[in-house]
Amino acid sequence: MFIGVGTDIVQIPRIEKILHLYPELFAKKILTSKELAQFSLLDKTGHAVFLAKRFAAKEAVSKAFGVGIGQGINLKDITILNDNLGKPIVEVSSNYTKKLPPFNIHLSLSDDYPVCVAFAVIESSCNVISR
């Protein structure tokens with residue numbers, strides 16, 4: 001069963017400006033510990049794109065759930081990782097998912113400076129969704 005679809009676009013220069021003002025604070029505010037571990041391995045030149053893609057992805061996933069960030073789900077409730085081939089994998093905090101039936105999240109990320117885009121589709125095998 002289809003639950004929802006969400007998309008988000010982020011201007012990479014906007015993230016670059018934020019990083020210039022708050023180099024460590026912004027990453028710690030939006031990334032989970034697993035994402036911060038990946039982030040710390042990157043060269044600084046890749047920081048803005050990494051953060052822009054993660055922010056867009058989290059917004060897209062929250063929109064697909066039909067709630068939006070801060071409206072029942074927070075940035076740190078969503079973790080975006082990659083499998084061995086680079087495919088995005090989404091993990092959602094059990095604090096949020098305990099109210100939901102089993103679901104799958106499909107996520108696509110792309111960037112072409114100065115923008116990045118995220119597209120998320122959420123599906124469930126159950127017929128009823130309670131929030």
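Backbone N, Cα and C define each Cβ position, glycine as well.
Model, not experiment: these values are computed from the prediction.
As annotated by Swiss-Prot, Mg(2+) binding site applies to D8, E59.
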E59 (Mg(2+) binding site) CB neighbourhood, other CB atoms within 10 A: 21
DSSP-derived structure type at E59 (Mg(2+) binding site), helix or strand or else coil: helix
Close in space, distant in sequence - D8 (Mg(2+) binding site), Cβ under 8 Å, 6 or more apart: F55, A56, A57, E59, A60, K63, V117, A118
